[in-house]
Amino acid sequence: MGEMEQLRKEAESLKDQITAARKAVQDTTLQEAAAGITVVGRVQLKTRKTLRGHLAKIYAMHWAVDANLCVSASQDGKLIVWDTITTNKVNAIPLKSSWVMTCAYAPSGNLVACGGLDNMCSIYNLKGKDGNVKVMRELAAHTGYLSCCRFLSDSEIITSSGDCTCVLWDIETGTQKTVFAGHQGDCMSLAVSPDFKFFISGACDFTAKLWDIREGVCRQTFGGHESDINAIGFFPNGNAVITGSDDATCKLYDLRADQELITYQDSSIMCGVTSLAPSLSGRLILAGYDDFNVNIWDSLKSERVCWQVMTTE
Amino acid sequence: MPVINVDELTDKDKAVMELNQRKLEVKLERWLTSKCCEEMKDYIQERVEEDTLVKGISEEKNPFKEKGGCIIC
């Protein structure tokens, strides 16, 4: 097939050009630039609250904007909205499908969403007139599992799916506004930029992509991981992306340099990363691993920060 | 905004999409990594004092603190 061969050759050549262009602006590494900075000292953690109530594995959770409430999704078939200060359950929402993989809290606090092996994203109104929480919309069109969802507002939500696409939905009409296609493997995770203009997706094709929400196009693609990307997040300033992969590493990519600045890895860590989040300033990156551990990384040094849990009762 | 039906894309369609994507990406203007690193360091330094996980927080200011006994006025 001469045509496919031709297309592949051209794509390879462009890939080499991109690699060269990235190398051309690489006048330092983050480790060199941060050489004069001391590693963060020991972090002391204390378990403050334990939210009990789910009866099976909890697959996902998402904070509300007020950082007091949060929502969690469990394969016991429930979404629970928690008041984390009192540990009270504000809502316990029974789901039609118990195979839930993700949940999200709308910035307004009015809605929550979830989805999973039912291939749908279900939107629930927490502030219904009669006080009951009901399904408001069922967003159905994905041909694969729903891996992640994030609200832009009460009228728009972005989903990522095992069908290799991400979709921007109009919640009111329940229709797809934009399909973001380009990944060549299941999309596992997504995160929206602080200014709501972009989102990033991590996939089983080992790449992360930056998408322009309004234009509907992929602006940048970041490679380097050697296995599925399971978790993705923005650095707090919105100018860098953090990814966590089955290859046991996390990576930080800068959007303006269009390349990886640092990899967070240790030869003693051999299992995949399943979740991650930066601290407020971005100095720490917390990552959850398949061996049930959390590692805390000094983001500038690629060194694990020692931490201890202070025992309470 | 036209909605792509991903199931209807052939291998050739996907190869063309990938090629077009690379054509877009090769044109990106890229910053020097030194500039990016400096900005990142500055951003962190400006905010690290307020970063509870790094610096800790006093028990009084902690919203998750253990509640004390009742106070009857």
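Each residue, glycine too, has its Cβ placed from N, Cα and C.
Pulled from TrEMBL:
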COILED    A:4-31  coiled coil
REPEAT    A:51-92  repeat 'WD'
REPEAT    A:139-179  repeat 'WD'
REPEAT    A:180-221  repeat 'WD'
REPEAT    A:222-263  repeat 'WD'
Mean per-residue pLDDT computed across the coiled coil (A:4-31): 95
Helix, strand and coil totals (DSSP H, G, I; E, B; other) for the repeat 'WD' (A:51-92): 0 helix, 22 strand, 20 coil
Within-chain partners of the repeat 'WD' (A:139-179) [C-beta distance under 8 Å, separation at least 6 from its ends]: 101-108, 110-111, 113-123, 185-192, 196, 199, 201, 203, 205, 211, 213, 216
Within the repeat 'WD' (A:180-221), residues counted as helix, strand or coil by DSSP: 0 helix, 23 strand, 19 coil
DSSP-assigned states of the repeat 'WD' (A:139-179) in counts, ordered helix, strand, coil: 0 helix, 24 strand, 17 coil
